[in-house]
Amino acid sequence: QDGLKQCLAEFRQQLAWVERLDVTLGPVADPVTQSASTSDAVDPENDFQREMSFYRQAQAAVLEALPRLRKLQVPTRRPDDYFAEMAKSDQQMQKIRQKLKSKQEAMERSEKAKQLRAMRKYGKKVQVEILQRRQKEKKNMLNAVKKYQKGLSDKLDFLDEDQTSSQGNKKGNASQRTKKGPNAKRRYKNQKFGFGGKKKGSKWNTKESFNDVSSFQSKVAHNKGPGKGGRGGKGGKKALNKRPGKRARQKMKSRAR
């Protein structure tokens, strides 16, 4: 004990309190029990009691030191333009910031990739469903056409269904899907070129048409009808050719000159 006191006297410096700022006090009174708890009352194994003892002891030192500092006119509040240097350098903090930023960007890219994969998967699923539906409709239509060609069915409902489905896909209107019948262009072509029935060989002669000569006119057939004859009442090819010959045309040109 004598040696410790001697060492303490050697390194102790007789400085003013404002230079030392040492305050040694016990903890303040507990607000619950209104009594200052001693060190013996604190259980060192209880973390909460131990930390609260440190807190109340620091609080007592602050309550003791603040009036003395104000009495000595020492500022106790931090100024607005106070700049405290950080323990870590700016380069190290910049590296940490870049690393955090790169991690965040990687997470965003990963999230976007997940969303794109999900959207692509959903798009493929929808596309496959549409293709399957179209193939099914095409197959049903081909089967109906084959049945109609073979004479197994006399209904053309599949044409109306195909027309209404195409109109529904284009315009998306329920009233237009139920609309049936050809349009104006189709009706005009039907009126002009005919519609339905056999067309190949429709102008061939039959036995009845070959034997029927009631509409035959000999004068018309042999070019002997009224107004067909030429000079002197004679008919023929010369009477039909009213254009003058080449020599006559050349004479007419020379006269005109």
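Any Cβ shown, glycine's included, is placed from N, Cα and C.
Since this is a predicted model, take the numbers as computed values, not measurements.
Listed in TrEMBL:
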- 86-113: coiled coil (COILED)
- 164-176: compositional bias 'Polar residues' (COMPBIAS)
- 177-190: compositional bias 'Basic residues' (COMPBIAS)
- 211-220: compositional bias 'Polar residues' (COMPBIAS)
- 234-257: compositional bias 'Basic residues' (COMPBIAS)
- 158-257: region 'Disordered' (REGION)
Compute the average pLDDT of the predicted model within the coiled coil (86-113).
87
In DSSP terms, the compositional bias 'Polar residues' (211-220) comprises 4 helix, 0 strand, 6 coil
